[in-house]
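Some features that TrEMBL has for this protein:
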{"type": "COMPBIAS", "residues": "541-550", "note": "compositional bias 'Basic and acidic residues'"}
{"type": "COMPBIAS", "residues": "551-560", "note": "compositional bias 'Basic residues'"}
{"type": "COMPBIAS", "residues": "561-577", "note": "compositional bias 'Basic and acidic residues'"}
{"type": "COMPBIAS", "residues": "580-591", "note": "compositional bias 'Basic residues'"}
{"type": "COMPBIAS", "residues": "622-636", "note": "compositional bias 'Low complexity'"}
{"type": "COMPBIAS", "residues": "639-655", "note": "compositional bias 'Basic residues'"}
{"type": "DOMAIN", "residues": "541-587", "note": "domain 'Signal recognition particle SRP72 subunit RNA-binding'"}
{"type": "REGION", "residues": "516-655", "note": "region 'Disordered'"}
Amino acid sequence: MATREARLNGYYSELRKLIEASNYQKVIKAANKIIGEEPKEVEAWRCKVVAQINLDSFHDALVTTIKSKHTIELAFEKSYCEYRLNKVKEAYDTVCTVTDPKPDLRILELKAQILYRLERYDDCHGVYRDIIRTTSDDYDLERLTNLSAVTVHRDEGDESEEEESYELVYNHACRLLALGQVEKALAKLQQAREECVDFLTKDEATQEEINQEVAIIRVQEGHCLQLLGREKEALSIYNNVLKARPDDSALLSIINNNLVAINQGANVFDSRKRMKVATASGLEHKLTSRQRGTITLNHALLAYHTNQDDVCQSELAALIREFPHLNLEVRVVEAALLGRQGKMGQTRQILSQCAAKYPDHSTSLTLMTAQILLSKGEHSAVCELLGELDIKDRHRQGIVAARVTLLTHLNRREEASTVLREAVEWHRNNKTSAEQLGALWREAADFHLRSGEPATAAASLLALHRLNPADVTTLAQLITAYAQYDTAAAQKMSASLPSASLVAGKLDVVVLEATPGHKHSRKAAQHTSPAPPSRTPGSDSGKKVAEETKAKKKKKRKPKLPKDYNPEVTPDPERWLPRWQRKGFKKRKDRRVKEVMKGTQGISSEAADKFDITKTAGTHRPAAQPISSPSSSTQPRRNMPKKKGGGKKKKGSGW
């Protein structure tokens, strides 16, 4: 017995030295010696598991905890291994087996991390609150940072604005962004970036390390700029971050997804390449479900824009299965896909079901239906659909303008006039802003003037004039409308017009004369000639005009001839042909070779004569030649252009 205890003491002393030296391979061997001597030694099992964890052998460590049969004592180690192996649900079940009313601090912090990965942000927030309230050590700032990160994802977050580090400033900016305060979030992100650079510079970090740490802040800045419509600046930020080649695959996925969103339907090949990076395998454990759902939805939209209907349908099916919070967006894309295929009945059915299920989005869904119908040319159906909107939405300026345009296109002007009158009456009764009411009155007046209803137009213009009596443009339009049916009222209203001296007093005559206008051109001068007198038949002025028009007939323009042109010499009919196709062309003789050599090299001329048919002309009778078709000999010769470049294509030549 004493010998066994002595051996264990020796093994433990050896184990302690190896742990202090951080020699984890030998720690495992020493722990195995203790376990072989006494399998119930829990500390030996723990040392072995911790050594395997330090060697990043999480699977082996998990197997060791199960093999030890001390899973309750080793609950923390087992849960941590499962957490690192992305078995998050199993890790939570394991950590919950600890029933101690006052659990160890490391158990609570691991539980908070697991709850964050499970996206149970309210429970995670409560655990961190308890830890911060009951603990005070060197890790308080890190816990505050984690707490602020949890607060970003909560619907009801704390209003605390502790900014002791750049991480806290960054998390506060993310919280503002989640609340929709984009400009404030952008200012906080710029502050976080500056503090991060200052902190790392004082810590003597390299430029590469600074770029890696600042990358996530820069990407969030680009996202804010993208939301504000400043896409060029966002694009510049994304490209600069990509040039630094960040190591975080999740960050690369988000950047490429945002670039696809900027491209939209343009630059398809670039979008496809970037979407492959955004949807790479292994990201499901590094992105939240909301981020993964957004990337999958963008993939479906890209497939829709590139006419990949099968890919789009498969992505939509995955969205419905894995991300139920995006059900509305999925149904809308599905309806658009069916509408493009011409299945209008199914499209309207899907969108009407969505409008009933999501009443807050009923107006936008109705407008989507109208857009799909309009793309198929069903103008009448669109008019009826817009007329079925809620009375408040039906009388919006954009809806009213769309209905009037469509009804005018369908030659239903009376209905268009009724729509305008009802909209003006509704806005007047509900006391909307003078700006909206004035815009409706002006549009109604323009429409009625074009439709030949000056009285109705005058009523709208009169109301608009009373709303803003100082507007001279409205007064002029009102006088124009009155002049078409009530000259007395027009004369009365014209007295209110400002004098010409007041209008001309604001003009700078010198600048006006110095400004070149379109009247200086020759064609403009012809158009601005004084109008001819009346051409009524039988009048003297009409006869004079007829004589003047005959005298002013446009003469034919003489053709321009070359300076050396001689009219007595007949021009050469072959002057348009190249020289080598003309009759008088003589081929240049080549005197370099006087005698044609025949036969192989070294043969005598007598032997060569035997093979020369020109010197044996009488001995052979010529065979009958076939008669060629006349079309082949009378075919005109085409002047084909010579090729350039010798057949080789130059480098860098474009299409």
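Backbone N, Cα and C define each Cβ position, glycine as well.
TrEMBL: automatically predicted annotations, no manual curation.
On the 0 to 100 pLDDT scale, the domain 'Signal recognition particle SRP72 subunit RNA-binding' (541-587) averages 74 in this prediction. Applying DSSP to the compositional bias 'Basic and acidic residues' (561-577) sorts its residues as follows: 0 helix, 0 strand, 17 coil. With DSSP classes pooled into helix, strand and coil, the tally for the compositional bias 'Basic residues' (580-591) is 2 helix, 0 strand, 10 coil.
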